[in-house]
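Student: Copying in the features that TrEMBL gives for the protein in this structure:
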ACT_SITE  D49  active site
ACT_SITE  C52  active site, nucleophile
ACT_SITE  H262  active site
SITE      E237  site 'Linear diubiquitin binding'
Amino acid sequence: YKLSVSPEMDIMEYCRKEWRGNTPAAKRMRKGYEAVAQKFASIRRIRGDNYCAFRATLFQALSQATQLPRWLQSQDFTMLPENLLSKYDWIKQWQLRQKPGKRMGEIRDEIKEYLILLRQKWKNISEIKGPLEKQEACDKLFKNEEEEYSLYEALKFLMLNTAIELYNADKSGKRVPVFSWLLFARDTSRNPCQLMQNHLNHIGHSGGLEQVEMFLLAYALQYTIQVYRLYKHSTDEFITLYPNDPEEDWPVVTLITEDDRHYNIPVRMCQETML
């Protein structure tokens, strides 16, 4: 059994353990970790199983949540599967985790359950006042494999919904963020149906999130995802924001990656940074 989110460890200690050599890559990584250590004291390793971008983002969002996001409060939120399936027949090809080939009604009901679970967990954790208790509640949730993976299904469905909204907005001549053009410029995702079949259905199984899908996740959650990309240290892409022109009122979560494939999380902001 692997822990989804490992206990925290001193960032520089972790770096020394992982990057011992004197290769240019190792030197760059050490410099990257040193820069992160100016802001954060510790790191928590995220289990790598193609869900790590979801896991890292959701863990960070929940562990600092103080209220339920607006989009989670809306009445229509749990009606999403019903509404989308009534308009788009192709959503029947949605691959539920480890349960391929489900019928339409089952898909609708199951995704609705996942969305309800997401709202309930977010609400419960955001109402916990003490930081220690909040952290314990997050740790407990991410040790419950059944619930954890159900939450990732909910996130995937929210990404699909966001993609459909952006695609329709663009087709009707409205202004959409640049990443939306890039998302639908790929040969494998010319429209939301292809995005689902060739990308979303595979997340967690045969692949993780690509760069452009990190933007989509950020938009779906209405969170800014700030990523320290260590292999880009000393370039202007070292700290990358998804989206790069975030709404001012979106909360920010911070992740660390060495290769844009696997994500870990920095924790414990250094005191002077907080001031």
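Glycine is no exception: its Cβ is also placed from the backbone N, Cα and C atoms.
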Student: If I restrict to non-local contacts, at least six residues apart, and a C-beta distance under 8 angstroms, what lies near H262 (active site) in its own chain?
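Tutor: Result: I46, G48, C52, G208.
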Student: Determine the minimum-neighbour residue: among D49, E237, listed as recorded positions, which Cβ has the fewest other Cβ atoms within 10 angstroms?
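Tutor: E237, out of the recorded positions D49, E237, has the fewest neighbouring Cβ atoms within 10 Å.
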Student: Taking the Cα atoms as reference points, how far is E237 (site 'Linear diubiquitin binding') from D49 (active site) in Å?
Tutor: 25
Student: Tell me the Cβ neighbour count for C52 (active site, nucleophile), meaning other Cβ atoms within 10 Å of its Cβ, over all protein chains shown.
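Tutor: I count 23 other Cβ atoms within 10 Å of it.
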